[in-house]
Amino acid sequence: MSHDLDRIIIALDTPDEQKALDLVKLLRYKVSTFKVGLELFCSTGPSIVKKINDEGCRVFLDLKFHDIPNTVAGAVRAATSTGAFMFNIHASGGREMMRQAKEAIDKTYDEMQRAKEPGRGLQGTSNVSIIHSPDKLNTVHKPLLIAVTVLTSLDDQDLKDINITKSTLDQAVALACLAKECGLDGVVASPKEISAIRKAIGKDFVIVTPGVRPSWAAASDQKRVMTPAQALEAGADYIVIGRPVTAAPDPLEAIDKIFSLQ
Ligand SMILES: O=c1ccn([C@@H]2O[C@H](COP(=O)(O)O)[C@@H](O)[C@H]2O)c(=O)[nH]1
């Protein structure tokens, strides 16, 4: 299953920059993409993205923006220039928020590209992201903008508690359809929703699934889980794994175990 290693994203959930970078250095020959979430980003700031890019790896910036459209559009402009290859907003922020976010990423990226044109004097200063595969190294590309549907730590009862009467499955599919209508590149959803989202939207839509647990790992706070092999089989483009790898005594061995035993 080695080709599937390009589809694993390791979540670097730690406040410790050195620990995060040590994990990147240890795992980068197996895994090409790392996730920077709120804990690491709030501790280190945006420079962590460049430091991971400098190790030849891509960054999924998982900050889940959720605010009024104007504020999210501003955050999207800032995130576009970090060098992340993908970042996200909450679909439940609504249609106008997603529409403005999409407009902001398109406009900011175009401006970054124009600034790099000969004679404009900004060559080499923009933090565009790099692709891990050696043949594509340093390829410039627009970051993917994806939307979180329903957090994988929630179940149907949790949605009822916040007055959402739809099931997690129906709510995730509805939000994925809205994200697609707003022009986003894909969604974050649980592996349990992959086939329904694919049925509603088709193949040309990135699905990133956390809530992935090898059979030997504890679910902890994740409620809608599947194994990595099941998630990939169901059609996930990327699976996000954190604690089963990063909290393992030997993270390299944990990755090997995930991809040899499933
Ligand atoms: O719905 C979501 C959205 C994001 N996450 C993030 O993924 C990782 C999962 O880590 P584990 O240790 O494998 O549980 C974590 O960083 C979350 O913030 C999610 O779990 N669910």
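Glycine is no exception: its Cβ is also placed from the backbone N, Cα and C atoms.
What TrEMBL records for this protein:
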DOMAIN    7-258  domain 'Orotidine 5'-phosphate decarboxylase'
BINDING   ASP13, LYS35, 62-71, THR152, ARG213, GLN222, 242-243  substrate binding site
ACT_SITE  ASP62  active site, for OMPdecase activity
ACT_SITE  LYS64  active site, proton donor
ACT_SITE  LYS64  active site, for OMPdecase activity
ACT_SITE  ASP67  active site, for OMPdecase activity
*asked:* Using a 6 Å cut-off on Cβ distance, which of the recorded positions ASP13, LEU63, LYS64, HIS66, THR152, GLY242 come close to any atom of ligand 1?
replied: ASP13, THR152, GLY242
*What is the separation, in Å, between the Cα atoms of ASP67 (active site, for OMPdecase activity) and ASP13 (substrate binding site)?*
23
*ASP62, LEU63, ASP67, PRO69, GLY242: which of these recorded positions has the sparsest Cβ neighbourhood within 10 Å?*
ASP67
*Could you state the whole-number distance in Å separating the C-alpha atoms of ASP62 (active site, for OMPdecase activity) and ASP13 (substrate binding site)?*
11
